[in-house]
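Below is one structure, written out as structure tokens; the observations come after it.
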Amino acid sequence: MSAEMAATSIHSSYEECKETAEWLLNRSTIRPVVAIICGSGLGGLADKLEDSTTFKYEDIPRFPTSTVPGHAGKLVFGKLVGHDCVCMQGRFHLYEGYSIHMVSYPVRVFSLLGVKTLVVTNAAGGLNDSYSVGDIMIIKDHINMPGFAGQSPLCGPNDERFGLRFPCMSDAYDRELSFKLRSAAEAMGAAHFIKKGVYCMLAGPSFETIAECKLLQTLGADAVGMSTVPEVLVARHCGLRVLGLSLITNKVITDYNSEEKANHEEVLKTTQRQTKLLQDLVCGFLKV
Ligand SMILES: *[C@@H]1O[C@H](CO)[C@@H](O)[C@H](O)[C@H]1NC(C)=O
Ligand SMILES: *[C@@H]1O[C@H](CO)[C@@H](O)[C@H](O)[C@H]1NC(C)=O
């Protein structure tokens, strides 16, 4: 195989994304302008879509399939408070063994469907001492740890039909959308749950060590998780506006004498408790 062929096979081509998009558009009358990626246990939002059409990931040409418990693995088209939406119920993670390009593949498809705004949600560990379990953090910026190690979904040949070779990331998270989310929270009397901070992505699947948590705190990260950043990079590359929300499901451990241990069950329990608030917030946000 030539070097050029090896390079081009890293990620799916524009034509492949187009084929997936066309397949979906052929099977739904919805023309989504908003895409929502639901994090661990937050997939309930997809059930709120009206006039919906649901596709299992395994049935969609070229789509990866999900393997994590709590991730349903469906793409739902429908209307949410009057907006045509597409909702990912279950996302893809690096730790499942997907390439970072596959993790973010759906976002390129969304852009070809006509989506203009991406709402990404995740479950994250709180690094900032002032955060409580159950808070919702509006992501104002991110730290792309896998990127430091050469893992970016934008690596490989650049197709200008998607976006620029060197896209700007200083404006990755849209200020107007974050303002709208906050307004929605205020209108719902939920402003006290809202924080705004920096999300740091690690590849996982192990939770962070104490030394790693301390390091991330000194770097200015407020929450840590194992997703979102690849999707946001691709979304910004193809010109989508992004709103990112982290549900703080646990506080990270930074004390060597602590008897507590990070666990996935705790994450799912908090998620269940706050999932309705997060859903209402996203609906409120779409109404503003
Ligand atoms: C979508 O529908 C058109 C018109 O029927 C057809 O030509 C095209 O092959 C379909 N594309 C896919 C990917 O299903
Ligand atoms: C924690 O969050 C608060 C409130 O959002 C913020 O003012 C503060 O700078 C953050 N602390 C650290 C150490 O980043």
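Including glycine, each Cβ sits where the backbone N, Cα and C put it.
Secondary structure from DSSP puts Arg91 (phosphate binding site) in coil. Among the features that TrEMBL reports, phosphate binding site is placed at Ser40, His71, Arg91, Phe92, His93, Ala123, Ser227.
A 10 Å cutoff on Cβ-Cβ distances gives Glu208 (purine D-ribonucleoside binding site) a total of 20 other Cβ atoms nearby, all chains included. Summarising the annotation, TrEMBL assigns purine D-ribonucleoside binding site to Glu208, Asn250.
The domain 'Nucleoside phosphorylase' feature in TrEMBL is assigned to 34-287.
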Here the Cα-Cα span from Arg91 (phosphate binding site) to Glu208 (purine D-ribonucleoside binding site), rounded to a whole number of angstrom, reaches 21
Roughly how many Å separate the Cα of Ser40 (phosphate binding site) from that of Asn250 (purine D-ribonucleoside binding site), to the nearest whole number? 13
Among all the protein chains here, how many other CB atoms are within 10 A of the CB of Ser40 (phosphate binding site)? 25
Relative to the Cβ of Ser227 (phosphate binding site), which residues of the same chain, six or more apart in sequence, are found under 8 Å away? Gly39, Arg91, His93, Asn122, Met201
By a three-class reduction of DSSP, Ala123 (phosphate binding site) is assigned strand
How many other Cβ atoms sit within 10 Å of the Cβ of Ala123 (phosphate binding site)? 25
